Amino acid sequence: MSVTMAWTALVACSSFCLLTVTTASLLSGTDYQPPSADDQPLATDDQSQQTLAQFQQMATDQLYGQNQVDSARNTQDITDNSNVDVSHQFHLHESSEWPFPHKIDNSIGQISGVSISKDNLVYIFHRGDREWNQTTFFENNVFRDKNKGPISEQVVVILDPKNGSVIKRWGSHRFYMPHGITVDHENNVWLTDVALHQVFKFDPSSGNVLMTFGTAFEPGTDSNQFCKPTSVAVTTSGEFFVADGYCNSRIIKYSAEGQVLLQWGRSTLVTGEMLVPPYQLWIPHDLTLAEDKEVICVADRENSRLLCFNINSGIFQFEINPQIVQRLFSAAYSPVAGGLFYVLNDKNMDIVTETLAQGIVINATSMEVIGQFHPKNNEFLRPHDMAVSPDGTSVYVVELIRSHIRKFVLDSDIQNKFINQSNDSYKFSFNDIMLNKYNVLENCSGLRENSGKQILVIMLVIAVGLFFTAAIFVTVLIYTRTKSIANRKEAAFSRWQPRTLNAADGFTLGNIFNKKQRAGFEKLATVEVSEDDDDDDDDNDLNVRA
């Protein structure tokens, strides 16, 4: 039985090894070659092709972040220089199609604010014939030139993003010193006026005022008043934040209905090397929302930093403080490419430095400077505000010079690598991606046939392995049970067999009562054994009393 069992195990192992070798040869032969990433068959449907390729690319390449920066250092994907400068990898160039340096028209004065609608239209807020100088306000922050009346020009101008042509104007005879403009997700227009110390919400169609906050020409510190408010940021839920601004240095959060929810921040004039706490602000000049990261970020102008707070609680989250920033006038955020912060720096005229008045691109994950941009042959002149298009490909910068608005566009290779790819992939749901993967298999006969062969071989290997495993198990089981039965029979036979005596012993009564030779069935004595004969020889018979 042992020999049979050994031969069975040997045959099973040999067959399994032979089958494994055959399978490996089949898979490695010319009949089947796994498709590589370069010649991956794609479906005939264009969207399926793009989605699968993008899905695979996203699985291997992360969106532009720290890893991309490190990769660019090694592979020089963006620039051909031998020494790659990380701070110049995310490059923007000034648009040749934009009308600058030619003025849009002579009626547009200092442009203090710019914002982009969800329709990609460019909104600017300008001051007409007004300029803000040292004599514009009294020491108590009250506007001096109230008697001049409001600005007569149409101070809100809508521009075509392609060529800068004027689409629409409105807002005459209402404002005294425009500052910030924000177009929310419903195209409502939010405006701040530092002379009026007020914030306004306008209907996008009629131009009528929907909400007004603050008291005209009266600066204040309570929750119902402002002192030179600078900027507004609106969430998709309708809640909004106001930067109150030049005097109070605080941030106020409102519900969609206009009720105060919370506020934080106080003024500080701390300068030099001393660390400034995050809740001490020195002119919060602009606001930007990063809702995907749940933060509201403040351009703390004179403290040269971008501070980000939790969008719900106002708790401080992190600070971005590039060393190349002196006065941070504006900030914008784009969720594309993993998240990008754009900040606008101006020089401090009281400090001699080589720092440029320029725009800076910061990775929202690694907090590294990954790009810088400025006019073609020079730096910005008094830059004041900036905005990023919804698709993240264009940045608009306004300067406090009459009719100066510049457009910058991401280089095409940057767009193709990080922007277009991520934008296209977001158009499809997970179910669409899975359906497209099945469509790829249906439209690729070679891939489908090879996949069928592979599945068949795998199933065959599994079936044969299970068969031989079961055979070995049954063989061992039968052998074990047979051996157990034989042992039990032999034990039972030995137990019931009478003891056999030698012929020389004969049959004597002494053998029956001999304690040393007692075996099998023996009749017990019915009378007592005498204790007086204990010293007698053991070979003598026992004396039995009558």
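Backbone N, Cα and C atoms are what each Cβ position is placed from, and that goes for glycine too.
Because TrEMBL annotations are produced automatically, they should be read as predictions rather than curated entries.
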Disulphide bridge to Cys308 as given by TrEMBL, partner from Cys247, Cys297: Cys297
Disulphide partner cysteine [TrEMBL] for Cys227, chosen from Cys17, Cys247: Cys247
Whole-number Å value for how far Arg301 (protein binding site) lies from Cys247 (disulfide bond) (Cα to Cα): 13
Model confidence over the repeat 'NHL' (164-205), averaged pLDDT: 96
Residues flanking the Zn(2+) site, with Cβ no more than 8 Å from the Cβ centroid of His179, His285, His384 and excluding those residues themselves: Ser112, Gly113, Gly180, Thr230, Ser231, Asp286, Phe329, Ser330, Asp385
Cα-Cα distance maximum in Å, computed over every pair in Arg127, Tyr246, Arg301 that the record assigns to protein: 21
Those binding-site residues listed as His285, Arg301, and which of them has the most Cβ atoms within 10 Å of its own Cβ: His285
Residue among the recorded positions Val114, Cys247 whose Cβ has the most other Cβ atoms within 10 Å: Val114
Recorded positions near Asp385 (Ca(2+) binding site), in sequence order, restricted to Arg127, Cys227, His285, Cys297, Arg301, Cys308 and a 10 Å Cα cut-off: His285
